[in-house]
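Listed in Swiss-Prot for this protein:
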- 166-173, 191-195, 213-216, 283-286, 315-317: GTP binding site (BINDING)
- Ser173, Thr193: Mg(2+) binding site (BINDING)
- 129-149: compositional bias 'Polar residues' (COMPBIAS)
- 1-159: domain 'Obg' (DOMAIN)
- 160-334: domain 'OBG-type G' (DOMAIN)
- 128-150: region 'Disordered' (REGION)
Amino acid sequence: MKFVDEALIKVEAGKGGNGCLSFRREKFIPRGGPDGGDGGDGGSIYFEASSDLNTLIDFRYTRQYKAENGQSGMGGNCTGKKGEDLTIKVPVGTMVYDADTGELLADISQPGVPVLIAQGGFHGLGNTRYKSSVNRSPRQTTPGSSGESRNLRLELRVLADVGLLGLPNAGKSTLIRAVSSSKAKVADYPFTTLHPGLGVVRVSPYKSFVMADIPGLIEGAAQGAGLGHRFLKHLSRTCVLLHVIDIAPLDGSDPVADAKAILNELTQYNPDLLNKPRWLVLNKIDMLPDEKEREEKIQSIIKGLEWKDKVFSISAIETKGTQELCYALMQLIDEMKESEA
């Protein structure tokens, strides 16, 4: 299925039903009083997160959503039927913005919890409501009010505990395949990953976390180059970022310069991302079989980046070092969630 993480739609809540103008006209009550009933409220529009959805593609084909209008009141003091509410299912992690003002209306991250987006119109009042001691035959009613109408911008931000950063072909997709049940596409060319992918990493029968793989970044991504700039927003909800570096690139490029280019793109896009815990993952150590050469390369990268946080040396394709990495991630995530509780 095509991955779509942005959509523009219009929603319109139902109009309230009009109040009824009516008088009792029965065989033995020739001059009966007013009996016009109120209208029904218009249907409201709710958004609800569903774990079964992972893309906004449905909103590319259906762009207008309208709730049911309330029915008008009737004689005999009968109230009009309320318009049926409309509940729109969206993926977990959907942000709902007012497209005209840019205001964030809702961050829908709890499955099964309806969130009101557009309020239905209020019902009109029948003439019975206006009966008084000085006005026994009121001919006054009120119409139902219009429901709220909004132009919306939907933005999906995937919910993941761990985000993978790196240049194309750094081995991010290979890593997520190695440690989870994800079937991310892997090939020996840049931009194999075209949209964010999620993998559930299970470290024990009762402990797991979610890892997100986004398309590789290139220099100038913050200004729109490559593919990754569209998906940097998906890293905003993560607890920790893994900076994946190819320790022995086949094109002979400098891993330190490559890593600095990625950090520069993060700084330009959103400096707050740099405040998250970031661990360095040096991948493809299998490409340097000589232990001394490998250790010298690792130390030169750490020194060149002036890296102070945790460093893991792994071979994703051979799953070397991946278990230790996953256990350390689970421990950090547990600690962060406990501190937030």
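Backbone N, Cα and C define each Cβ position, glycine as well.
It should be emphasised that the depicted structure is a prediction, and the values quoted were computed from it without experimental measurement.
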With DSSP as the yardstick, break the compositional bias 'Polar residues' (129-149) down into helix, strand and coil residue counts.
2 helix, 1 strand, 18 coil
Just to confirm my parser: what is the rounded mean pLDDT across the domain 'OBG-type G' (160-334)?
78
For the C-alpha pair, I'd like the distance in angstrom between Ser315 (GTP binding site) and Ser173 (Mg(2+) binding site), rounded off.
12
Counting across all protein chains present, how many other Cβ atoms fall within 10 Å of the Cβ of Asn169 (GTP binding site)?
22
Nearest-integer angstrom distance between the alpha carbons (Cα) of Ser173 (Mg(2+) binding site) and Gly166 (GTP binding site):
11
How many other Cβ atoms are found within 10 Å of the Cβ atom of Ser315 (GTP binding site), counting all protein chains shown?
21
Among the binding-site residues Lys172, Lys284, which residue has the largest number of other Cβ atoms within 10 Å of its own Cβ?
Lys172
